[in-house]
Amino acid sequence: MVQQLVFSEPRPGKPPRHLADLDADGRASAVAELGLPAFRAKQLAHQYYGRLIADPRQMTDLPAGLRDAIADTMFPILLTAASEVTCDAGQTRKTLWRALDGVTVESVLMRYPHRNTVCISSQAGCGMACPFCATGQGGLSRNLSTAEILEQVRAGAAALRDDFGDRLSNVVFMGMGEPLANYARVVAAVRRIVAAPPQGFGISARSVTVSTVGLAPAIRKLADERLGVTLALSLHAPDDELRDTLVPVNNRWKIAEALDAARYYADVTGRRVSVEYALIRDVNDQPWRADLLGRRLHRALGPLVHVNLIPLNPTPGSQWDASPKPVEREFVRRVRAAGVSCTVRDTRGREISAACGQLAAEGG
């Protein structure tokens, strides 16, 4: 039986307004409401996006009285770190965040030799009900606000600077939630992530990835935003019969519709689409499915696609496990034989439940 999809948040949350919720015009209006001179808007944005400071009491170039005045009105504490765990010799760090209304989400900071990536959540929980994903099995609590999303980015960037003397280079919307089901807030967050300081964090659009299970109309809408970010389509099966079960949204938008939307995205943006495929033993790893995947992707996207094979990560209560390595290698060979680029993704954080499909926001 297909678990019910949830596209609207069961418990809508409205966190207090934060500077990060506002664009340049909104910041100007907020500053004017407080009776402050217009230049303060740019100054506050520089503190947040440029210096990564979210506590006005640390904004030493502001008058002391002003710091107190804006603490609650423009810089409420939206997320509090409830716990942190690390693995990979400290190179992977998972943070459990608690919001003001008590919901919890997780983000993961990963350091690599030539890049630093933060994997962020866009919703508390997820309504897409994928049976192999811990987040999907937990259901959806609510959407995150733009500022709650951006606070995960700011915290990751600040941790890299303060703990490692390093910079954040990549942001991936691959944490908890379906980003395109929280479309307006996610797009607003992306705009702030890629904008140069003091309007945003200044991360290259090419280094930002937005993942989706295949909300075809929203993929097309995102293409028309012309943000230039990477689209990652979580496919996980090349045939509708299996994908209807593994990715229940397929019952609304079939593979052909998702691939048509992905092709539209590639054509409009000029960006290669990433296809995510969690390899599950004896479920979706058969040679004929590798052949079918290669053929369908080559026909739909030509050279504008890359397949990331993901060894299935264990989740509580799941009866499935990862495909054996020889099966994995043969799957890669067959997809490549169809003329499609394919690699196995480096899995980080499995032992601390921080890898793909494992985030459940438990504990803390």
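Cβ atoms here come from the backbone N, Cα and C positions, even for glycine.
Residues or ranges marked as active site, proton acceptor by Swiss-Prot: Glu106. Secondary structure at Glu106 (active site, proton acceptor), taken from DSSP and collapsed to helix, strand or coil, is strand. Glu106 (active site, proton acceptor) has a Cβ environment of 27 other Cβ atoms inside 10 Å.
Under the heading domain 'Radical SAM core', Swiss-Prot lists 112-351, citing sequence analysis as support.
Within the same chain, residues at least six positions away from Cys119 (disulfide bond) with a Cβ under 8 Å of its Cβ are Ser107, Val108, Leu109, Met110, Val172, Met174, Gly175. Taken from Swiss-Prot, the feature disulfide bond applies to Cys119-Cys356.
According to Swiss-Prot, the feature [4Fe-4S] cluster binding site maps to Cys126, Cys130, Cys133, an assignment based on sequence analysis.
According to DSSP, Asn313 (S-adenosyl-L-methionine binding site) is assigned to coil rather than to any helix or strand. Under the heading S-adenosyl-L-methionine binding site, Swiss-Prot lists Gly177, Glu178, Ser211, Ser234, Leu235, His236, Asn313.
As annotated by Swiss-Prot, active site, S-methylcysteine intermediate applies to Cys356, with the evidence given as sequence analysis.
In this structure, of the binding-site residues Cys126, Cys130, the smallest number of CB atoms within 10 A of the CB marks Cys130. Take the Cα of Gly177 (S-adenosyl-L-methionine binding site) and measure to each of the recorded positions Glu106, Cys126, Cys130, Cys133: the nearest one is Cys126. Each residue contributes its Cα atom, and for Cys133 ([4Fe-4S] cluster binding site) and Asn313 (S-adenosyl-L-methionine binding site) those atoms are 9 Å apart. Around the Cβ of His236 (S-adenosyl-L-methionine binding site), the same chain contributes Cys130, Phe132, Arg243, Leu246, Val247, Glu276, Tyr277, Ala278, Asn284, each under 8 angstroms and 6 or more positions distant in sequence. The DSSP secondary structure for Cys119 (disulfide bond) is strand.
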